[in-house]
Ligand code: G4P
């Protein structure tokens, strides 16, 4: 094996690529910042600009927009910790962007779920968890804000099972809570870790470690807390689930950690165990079966496209997850879907707070490539001529539909350009009625907030004011059929036949009842709730 090969394998094996999910305000931003702090990527906490605006719903869209320049650099972050190269993917907290979350999770190898210890499992945690479940990736739980009085840890563990339906294994157990949160007990090392005073979480916390039966801990904790800890551990050992790594990797068992991102308590024990347990990049499914990340042929797929990140440049970036081989700046690769060669110049990587031009990147890494309008979400790239295509990224069923027009007919060209770009980014889906001129465009979105994004971005990025006319539809089904003939299709009065951007036939329904009637009347036709692009 040549030296280059060896270092390539080492590089792959030290990669850890994961997404952090949480209900807004549970502490995702704070935890991310603390991971950067422990990774040495920032020196003092508080230096990463807050992305909190992302979490606040409709009225704050303007704010979100202002923050977008910041959020892109933090939407993928890379840093080193203990020999591992970590790639963190950010996911939007708002439910209206759950499609975006799904796409981001396609690029991740595992997920960290942050839970507020006082609130337990919140609505958005539930939805995001379901998305992780669909992906079948390992999920790690960080129960945050232990420095505040919260729910009983046993109750939180039970909630994971009751509300999310996932078994859990506490990797550590909190010692005290609220003002008395003193440390954690590591169940595998059978060791107590007490946290020092710290400086309000600005820098790393000092710790005192030792065995539970060491007399010094009885003094440090006090008789009562020490006894309670011993009892809790005994109960967990007897009544809790067993730790089985395969179950974790299959997404059936979640390792749980307790801590406080704000004060840094428990951040380091979490990071160390998590990096040991989660996997380096794993083989991914393609049209040729599983592709091993350690193979030479460079391959990857695009999971996110973001245009106009920087208003002065009007650039468009496609986010590429590298799946195998080595990426080298300036390399020419095959764009499998379009059957064309493209040169990847100016690739960018996102290091802590900076965007830098990347020279070399490895499986597990995410790079941003300049997109002159040729990429679509789900596209595959590969170095050789094998035409390796990764499993596509599905289109989810929109639940809100509107007809969209430009107010000013003279702006029609910009209007169409904007609509097409936002559709390629996955912000909206666009449909047309067959045999009706291009004057009428129907837009579908999964979350209503996306209509605001559409209106705002068309105005700000394309100078187009629009009118939207809400339509009564709530459901969509794709018709999987070659040579579909609408005239032979029997639908209800309140159903509409349209075509999506790939000219696939689609049905829009006002209610579930109509779906059932149409199914009954057209028994030989398959109706699908999600669709894969070509
Ligand atoms: P998010 O990204 O998941 O939305 O949450 P974020 O980190 O922005 O945290 C939301 C709020 O919770 C922030 O308070 C943050 O300081 C606080 N927080 C995060 N982790 C902890 C923790 O471990 N303990 C405690 N007590 N609080 C925590 P804020 O008041 O909105 O902002 P700020 O004024 O503190 O900056």
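Quick reminder: no glycine exception, Cβ is built from N, Cα and C everywhere.
No curator has checked TrEMBL annotations; they are predicted automatically.
The feature domain 'Tr-type G' is assigned by TrEMBL to 13-282.
Residue density at residue 146 (GTP binding site): 25 other Cβ atoms are found within 10 A of its Cβ, drawing on all protein chains shown. DSSP classifies residue 146 (GTP binding site) as coil under the three-state reduction. Annotation comment: TrEMBL describes 22-29, 90-94, 144-147 as GTP binding site.
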*From the binding-site residues listed here (22, 25, 146), select those whose CB sits under 6 A from an atom of ligand 1.*
22, 25
*Across all chains shown, how many C-beta atoms besides its own are within 10 angstroms of the C-beta of residue 22 (GTP binding site)?*
24
*Average pLDDT across the domain 'Tr-type G' (13-282)?*
84
*Just counting, how many other CB atoms are there within 10 A of the CB of residue 91 (GTP binding site)?*
25
